[in-house]
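Peer 1: Residues annotated as domain 'Amino acid permease/ SLC12A' in TrEMBL: 47-396. Residues or ranges marked as transmembrane segment in TrEMBL: 33-53, 59-80, 141-158, 165-189, 209-229, 249-269, 311-330, 351-369, 381-403, 415-431, 437-454.
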Amino acid sequence: MASADGGSGAGAAGASAGTERDGLRRTLGFRDLVVYGLLFIAPMAPVGVYGALDARSHGAVALVYLCATVAMAFTAYSYAQMVRVVPRAGSVFAYARAGLGRGTGFIAGWMAMLDYLLIPAVAYLFSGIAMNALVPAVPSWVWTALAVVVTTLLNLWGVRAAARVGFAVLAMEVAVLLVFVAAAVVVLVQDGAARDWWSPLTGDGTQGGFSLGAVLGAVSVAVLSYLGFDAIASFAEEVTGGSRRVARAVLLCLVLAGTLFVVQTYLVALLEPVTSAELADRPEQQGSAFYDAVDASVGTWLHDLVAVSKAIGAAFAALAGQAAAGRLLFAMARERRLPKALARTDSGVPRVALLSAALVTMVAAVWAADQAEGLDHLVSVVDIGALTAFTLLHASVVGWFVVKRGGGPVSWWRHLLLPVLGAAVTIAVIVEASGAAQVVGLLWLAVGLVVLFVQRGRGIEG
């Protein structure tokens with residue numbers, strides 16, 4: 001199968017040579033990719049947003065994650081198609097350049113950048129909230145800032161070293177999640193459910209009947225939990241064994257994450273003593289709703305165990321996200337779309353890009369940690385850029401395989417029908433996103449268009 005590089009045909013070997021020339025090194029194996037993906041996704045990602053999703057979906061939180069998994073399955077498949085033919089850092093930026101042209105590629109990267117910079121901020125905030133639940137005397141913003149500093153230092157150390165530490169953290173998270181599942185099942189068998197057994201799929205009825213609009217609106221936030229499998233593609237120039245490993249890792253991470261998310265949200269919703277209507281009326285309780293449900297139904301010991309696991313896991317999810325953000329900034333700078341200083345590497349590490357990403361996430365996370373409704377504000381706007389980029393990703397598959405015929409024989413199922421369905425799903429989720437998210441997305445898009453116009457005026461077409 002042919003490969004592409006920025007809209008021109010270039011083989012994987014060319015990408016490999018470019019990797020050595022531009023400073024990235026191939027040091028990651030398949031396990032490292034899966035670890036990075038699951039770290040960024042975080043096996044217990046729903047812990048931080050459970051309360052917000054329960055309130056928004058009228059109690060149908062498990063259904064939200066089922067829908068989100070299906071929505072992301074289309075996106076994962078499109079990523080798997082494109083990474084095989086465009087094995088370049090920058091993921092959706094590189095794919096859109098190949099399939100849709102350089103200008104559209106810049107806009108795709110620009111929209112993805114919004115989330116790659118803010119998603120780690122959300123993860124750092126989750127870490128700060130979890131540690132504050134354990135040590136209330138220390139403000140959330142202090143813990144949040146500390147998490148940024150520690151993980152940034154690990155990223156500057158190098159991607160391989162960070163992956164080793166991340167594997168240990170991931171194993172710890174999975175172990176704690178299994179303890180939670182076992183404890184929840186025991187409590188439900190012995191004491192019964194606090195809500196109706198079907199309510200995590202149909203709603204708890206405290207905010208009226210079932211609302212598809214409410215579920216889709218919550219899906220636009222739940223997508224945040226999955227943003228990580230796509231970040232694997234950002235390491236395409238640093239993996240050994242070819243781009244097929246990246247494609248397999250993308251799909252495996254989504255399947256594992258979707259299963260874990262549906263199971264844990266279904267169980268905690270059955271343990272939840274507070275209704276979705278009460279959570280909707282008390283947004284300040286949404287961030288700790290998962291912990292409160294565990295504390296009330298199982299005990300303080302599991303509350304503390306989950307809090308510690310989430311604090312560490314969220315920080316390392318941010319580590320993986322920050323690493324992906326650095327690669328995106330690096331790739332766009334290398335193509336002259338961002339300041340060239342961001343394309344500098346030191347011992348195979350894009351340090352300037354990483355430090356720039358860390359600075360943005362530090363400001364956003366610490367600000368949100370110091371606000372009463374900071375979590376709700378941040379999670380409500382953070383994924384609009386990724387959804388827009390995902391839509392352009394699906395269009396890129398059609399553009400490259402069907403219009404440009406760059407991938408050999410066309411499969412109308414794989415290269416047209418599935419991407420179109422995927423784009424329809426992401427557009428539907430964008431339409432149901434919060435007004436604040438849509439406004440932020442439009443403003444960010446407008447700024448990106450201005451930057452693109454200025455660059456073209458200066459003759460920059462990298």
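From the backbone N, Cα and C atoms, a Cβ is placed for every residue, glycine too.
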Peer 1: Check the transmembrane segment (351-369) against the transmembrane segment (141-158) for contact, please; criterion is three or more CB pairs under 8 Å, pairs 6 or more apart in sequence.
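Peer 2: Result for the transmembrane segment (351-369) with the transmembrane segment (141-158) is yes.
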Peer 1: So are the transmembrane segment (165-189) and the transmembrane segment (437-454) touching or not, going by 3+ C-beta pairs under 8 A with a sequence gap of 6 or more?
Peer 2: no
Peer 1: Check the transmembrane segment (209-229) against each of 33-53, 141-158, 249-269, 437-454 and return whichever range has the most CB pairs under 8 Å.
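Peer 2: Looking only at 33-53, 141-158, 249-269, 437-454, the most contacts with the transmembrane segment (209-229) come from 33-53.
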Peer 1: Determine whether the transmembrane segment (311-330) and the transmembrane segment (437-454) share at least three Cβ pairs under 8 Å, counting only pairs 6 or more apart in sequence.
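Peer 2: Not in contact, no.
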Peer 1: Near the transmembrane segment (415-431), which same-chain residues lie under 8 Å Cβ to Cβ, leaving out any that are not at least 6 residues past its ends?
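Peer 2: 70-71, 74-75, 77-78, 81, 216, 219-220, 223, 384, 387-388, 390-391, 394-395, 397-398, 401-402, 407, 438, 441.
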Peer 1: Do any residues of this chain, six or more beyond the ends of the transmembrane segment (381-403), have a C-beta under 8 angstroms from a C-beta of it, and if so which?
Peer 2: 4, 74-75, 78-79, 81-82, 85-86, 92, 95-96, 98-100, 104, 107-109, 111-115, 118-119, 121-122, 220-221, 223-224, 227, 230, 410-411, 414-416, 419-420, 422-423, 426-427, 429-430, 433-434, 436-438, 440-441, 444-445
Peer 1: Can you work out which residues elsewhere in the same chain, 6+ from the ends of the transmembrane segment (59-80), have a Cβ less than 8 Å from its Cβ atoms?
Peer 2: 46, 50, 53, 91, 95, 195, 199-207, 210, 214-216, 218-219, 222-223, 225-226, 229-230, 233, 247-248, 250-251, 254, 257-258, 261-262, 265-266, 269, 275-276, 390, 393-394, 396-397, 414, 418-419, 421-422, 425-426, 429
Peer 1: For the transmembrane segment (33-53), which stretch among 141-158, 249-269, 437-454 has the most Cβ pairs under 8 A?
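Peer 2: So the stretch in question is 249-269.
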Peer 1: Counting only residues 6 or more past its boundaries, what in the same chain has a CB within less than 8 Å of a CB in the transmembrane segment (141-158)?
Peer 2: 124-125, 127-128, 131-132, 135, 165, 311, 314-316, 318-319, 322-323, 326, 347-349, 351, 354-355, 358, 361-362, 365-366, 369-370
Peer 1: Considering every residue in the domain 'Amino acid permease/ SLC12A' (47-396), what is the mean pLDDT value?
Peer 2: 84
